[in-house]
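Sequence annotations record features per position, and here TrEMBL assigns FAD binding site to B:A93, B:L122, B:L158, B:W451, B:G458, B:I459, B:I460. Summarising the annotation, TrEMBL assigns NADP(+) binding site to B:Q230, B:G231, B:N232, B:V233, B:R274, B:R275, B:E286, B:G458. Positions annotated as domain 'FAD/NAD(P)-binding' by TrEMBL: B:84-262.
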Amino acid sequence: MLKELSKGRYLSTSGTGYKRQHWRPLLTLPSETKAFQGSAFQKYRHFSTADAGDTCDEGSERNDTISVTFVDKYGEDQLIQVPIGMSLLEAAHENDIELEGACEGSLACSTCHVIVMDMDYYNKLEDPTDEENDMLDLAFGLTESSRLGCQIVAKPELDGIRVAIPAATRNFAVDGFVPKPH
Amino acid sequence: MAGGGNPVTPIWDRLLHVCFHGDYEENACFHGDYEEEKEEEEEEEEERGTLDLSPLLNKAMMLQARSWLSRARSFSTVSNNPLRVCVVGSGPAGFYTAEKTLKAHQGAEVDIIDRLPTPFGLVRSGVAPDHPETKIVINQFSRVAQHERCSFFGNVTLGSSISLSDLRELYHVVVLAYGSESDRALGIPGEDLMGIHSAREFVWWYNGHPDCRNLDPDLKSTDTAVILGQGNVALDVARILLRPTSELATTDISSHVLTALEESSIRKVYLVGRRGPVQAACTTKELREVLGIKNLYVHIKEADLVKTPADEEEMKNNRIQRRVHELLSKAAASGSSQPNSGQRELHFVFFRKPDSFLESDERSGHVSGVHVEKTFLKGVGPGKQIAVGTGEFEDLDCGMVLKSIGYKSVPVNGLPFDHNKGVVPNIRGRVVTDPLGDPTQVEIGLYVCGWLKRGPTGIIATNLYCAEETVASISEDLERGVLKSRSSLPKPGREGLLQLLNDRNVRPLTFNAWEKIDSEEKSLGSLRNKPREKLTTWEDLLKAAAMK
């Protein structure tokens, strides 16, 4: 059902929480950045699979993830399942969705800016901190319902949320030029 | 140079329409329609001579063309005849350009050159040492550098190791992203006095840039520094001067700089802006940080914070300006009225423009203050106000001045340059031949990105969008066939570059050499409980790069 679930990494069964490896296992982190490695994941809440109740396996999987739709900069929908406790930045990267994350979730850039498309969902999020607002100041195409993807953490109330990746560059990529058909 | 051995290629090149669909050589479609090419013929002077031949083309020549094309196809594989791209400069603009190019053009080979042995530009030598999170983007750039179709060559200087025309011969596409390595000048009397530096030099110094290793600013002869400018660079510099050195000791700040800061006698910093708090060019994060320095007395005149209707208008649609003003107002309201003894001080000075620098009586040739003129704001258009002098003057006494009024790009031979704006004239990254002439006449195959393209403003992420725009222009030019006549010819690219550098006794340093420097710096750093100890001389950098 889900490629990330098949890896079996996100279903925490202990009550002690967990710290995941970085979302790009290929890279070697320079040591100065290691201190920040965990920062993106500190918000993870740990959900015991027992919380999911005694339904069948599929059911418990469903309860441990929420549906999130990313609308990419070309307007295409991408529906993914995001484990509870995971940030949308990390979820996007796990699913090869093009969302930049220059500072890897350490609240030092604005590249994972997303727009929550429904105010009802936006209001279910905790208010952005000053630090997040400082970064949102610099985001391209800021809207009333803009957030940083690294600061939106999947929780059950957010099931069904739709977020758009701003199309800051959509216009000039086309620039009135239409390739001739073949 | 390229294709010169085959005199017929230009003709067939004109004859047969070749379309490139983003992925360049792999998807090249060959159409036999000559007509489509006609419009473009007018644009390319150098090939005009071949046009008259077209009516003479006969079947035999067509066959010849096919034979050439089949050869072209056979070597037009990824390995043999890729789109060859050279990016000059390995800062954020360069790396984002490389990343977007690699993605948009499957098969393209991208070489990034830099004059330093170390990559990453201002991420290494601009971002403050106490902002390690901002430098995390180095991870992403390193992945780009390690991409199989990407190479990094440090220690290669455009203009001396290799000329722009060399690069344009070697590569189908050259993207200049070498930023702004000089400074705007105020052009006022006394600017050459000792004790006056550009903020860029000071930043390069504390970040261990080899070119400013020996700047050696005198921090011991005075207790007061004046910083001209109120942008983020100004705030960075103020923070480095005022922050407790114990907090800097665990950053990657250069050791010789840390020692100089520990011995510094500077206790008071003035941040001087020509306009008011509403127009301050800083962002909230940097302002919040400097206001939050431990045991710092912050002085902001309450009267300066009063907003005029024009200010309100300016702020209405500008979230940063609103939030910066809010932060300054809070700081002004919450601070104590007098500094405690021994407390370091930060003074925001608004509505003052520098008129001249004062020379010290005791130390000849050395600055002793800044003569400033009071200003007021005058509206010059909707939401825009400029500072105008009032004719009233005052002096700010100080022993050091850091000018943080903007960086400036430096042109190279053969590059169109707009000296007024300090940028390369361009349309969405395409270099315009004559800044004063026809704006649609562009240099084929030559592009710009980053500060060289749009001036020295913005954050790292700005370069992401800037690079997308430039790479979109490259893609468009390939698809439209503007670049076709060159790109359908093989170019020597990397191999040719390395050959040429070898002939000139220039030793390029690969990303692998950087990794040796990186590893040496980290191991030196670990001895001092720092993330890294930067190598700050050319000699040390080259030595580390050559280690086994």
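Using the three backbone atoms N, Cα and C, a Cβ is placed for every residue, glycine included.
TrEMBL entries are annotated by machine, without manual review.
Within the set of binding-site residues (B:L122, B:L158, B:V233, B:I459, B:I460), the lowest number of other Cβ atoms found within 10 Å of a Cβ is recorded at B:I459. Each residue contributes its Cα atom, and for B:I459 (FAD binding site) and B:Q230 (NADP(+) binding site) those atoms are 16 Å apart.
Under 8 angstroms separates the C-beta of B:I459, B:I460 from a C-beta of chain A, among the binding-site residues B:G231, B:I459, B:I460. A straight line from the CA of B:L158 (FAD binding site) to the CA of B:R275 (NADP(+) binding site) spans 38 Å. Using a 10 Å radius centred on the Cβ of B:R275 (NADP(+) binding site) and all shown protein chains, the other Cβ atoms total 20. Taking Cα separation as the measure, B:R274 (NADP(+) binding site) is nearest to B:G458 of the binding-site residues B:A93, B:G458, B:I460.
The binding residues for NADP(+) are recorded as B:Q230, B:G231, B:N232, B:V233, B:R274, B:R275, B:E286, B:G458; their greatest pairwise CA distance is 20 Å. A gap of 21 Å separates the Cα atoms of B:E286 (NADP(+) binding site) and B:W451 (FAD binding site). Looking only at other Cβ atoms within 10 Å, the busiest spot among the binding-site residues B:Q230, B:N232 turns out to be B:Q230. The binding-site residues considered are B:G231, B:G458; of these, B:G458 has the fewest other C-beta atoms within 10 angstroms of its C-beta. The CA atom of B:V233 (NADP(+) binding site) is located 11 Å away from the CA atom of B:G458 (FAD binding site).
Between the C-alpha atoms of B:G231 (NADP(+) binding site) and B:G458 (FAD binding site), the distance comes to 11 Å.
Mean pLDDT for the domain 'FAD/NAD(P)-binding' (B:84-262) in this predicted model: 97. For B:A93 (FAD binding site), the same-chain residues 6+ apart in sequence whose C-beta sits under 8 angstroms from its C-beta are B:G121, B:A177, B:G179, B:C449, B:G450, B:W451, B:L452, B:K453, B:N463, B:C466, B:A467. Per the record's binding annotation for FAD, residues B:A93, B:L122, B:L158, B:W451, B:G458, B:I459, B:I460 show a top Cα-Cα distance of 25 Å. In terms of C-alpha distance, the listed binding-site residues B:Q230, B:N232, B:R275 place B:N232 closest to B:L122 (FAD binding site).
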